[in-house]
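To start, the structure itself, in structure tokens.
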Amino acid sequence: PRKEKKREREEEEAMNALAATNRNFKLASRLLGLDSKLEKSLLIPFREIKVECTIPKDDGTLASFVGFRVQHDNARGPMKGGIRYHPEVEPDEVNALAQLMTWKTAVAKIPYGGAKGGIGCDPSKLSISELERLTRVFTQKIHDLIGIHTDVPAPDMGTGPQTMAWILDEYSKFHGYSPAVVTGKPIDLGGSLGRDAATGRGVMFGTEALLNEHGKSISGQRFVIQGFGNVGSWAAKLISEQGGKIVAVSDITGAIKNKDGIDIPSLLNYTKEHRGVKGFDGADPIDPNSILVEDCDILIPAALGGVINRENANEIKAKFIIEAANHPTDPDADEILSKKGVVILPDIYANSGGVTVSYFEWVQNIQGFMWEEEKVNDELKTYMTRGFKDLKEMCKTHSCDLRMGAFTLGVNRVARATVLRGWGA
């Protein structure tokens, strides 16, 4: 029953994500005055792929899994998006995330469209050799539909650099050595320096740009971070280095709080050893459900979608919310928080650091020339700072909040490319 309930909740969240993305797109489309034909062509995915992946398991039995790839739009360049391995990989969720990638790459002003994919499996129940076989079979089924100038996958939930290495190797058997076909690869196979920290660093640069706009700086601000995985932990490290005070954090093991500020380097060492924040003695344990409503200046949801909703929005005390996760705030909560005067930095801008450095990795692979980490970080700062400026211009033009500013910016750039290519009719 508990598993069934969890599955229902995840399905509902996927439906909500798709509905919220479509709603924001339509609002942006109206603000921009797009005609109905163009609007429809921008909403419908370019291609949806569903494949069966059958592999021999280590015990000799056969197992079948369903793989998906939704290629949403390629008006501005090759499609780009993660591949997730998760038991509940849902077509609706994959659709919503592919569409979000289209707007996100446009907001970041990188020459990509949007895609997303995944395999319905539980990676924790598969051995390394089973995961490798599954990845290679999936690549065999889709290799003709991805490519350096077509669709460039990246890691997502349940996948990582090793998965990308297997995709690269399998793809190269058909097309010759092609490091630019995936990003988020191991450094030894053409991965970019700085990619690991990129999303968290982008969150820090975005936060800096937003606070500067309000005459503030990161230094001295109190932060709460929900989710202490790759993105949350890097954001915490970089923000604390800038003088920000992290007063509470949570992950799947629990939540901790220290009103005087948590010692982040000590916490990072602790989580490496203990695989979670639970039991860290430099802070007090708190109820994980209360993390979002803890007293702070800036709240950073960096875990799952839909966590800020109408049930808890009224209790949120933060003045600013930086959306490091994908769609963490549902439309009802958006409305409530807006009335309270809470400023939300939307996900399609706030967490675009990862895809921006993925773009840098792709560029380095095509050039066959690798950058120093300092250059990667400097370029990321340039892109994030310029992105915020463009976002604010859109807000002024259309008298709207940051979320609508981001959507109008992204949709406008994709619409213009679509019309210029003669696809708008």
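Each position is counted from 1, following the chain as shown.
Heads up, the Cβ atoms here are built off N, Cα and C, so glycines get one too.
TrEMBL lists LYS116 with the feature active site, proton donor. Per TrEMBL, substrate binding site is recorded for LYS80, LYS104, SER358. Positions annotated as NAD(+) binding site by TrEMBL: THR199, ASN230. Summarising the annotation, TrEMBL assigns site 'Important for catalysis' to ASP156.
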Other CB atoms, at most 10 A from the CB of ASN230 (NAD(+) binding site): 17
Residues lining the substrate site besides LYS80, LYS104, SER358 (CB within 8 A of their CB center) are GLY81, MET101, THR105, ALA108, ILE110, TYR112, GLY114, ALA154, SER352, GLY354, VAL355, THR356, TYR359
As a whole number of Å, the Cα atom of LYS80 (substrate binding site) is distant from the Cα atom of LYS116 (active site, proton donor) by 7
List of residues, in chain order, with Cβ under 8 A from that of the residue listed as 'active site, proton donor' and at least 6 apart: ARG69, VAL70, HIS72, GLY81, GLY82, ILE83, ARG84, VAL94, ASN95, LEU97, ALA98, MET101, ASP156
Pairwise Cα distance for LYS104 (substrate binding site)/THR199 (NAD(+) binding site) [Å, integer]: 13
Do any residues at least six apart in sequence from SER358 (substrate binding site), in the same chain, have a Cβ closer than 8 Å to its Cβ, and if so which, in order? LYS80, VAL152, ALA154, THR183, GLY184, SER192, ARG195, ALA198
Report the same-chain neighbours of THR199 (NAD(+) binding site): residues 6+ apart in sequence with Cβ closer than 8 Å to its Cβ, ordered by sequence. ASN230, VAL231, TRP234, ALA324, ASN351, GLY353, GLY354
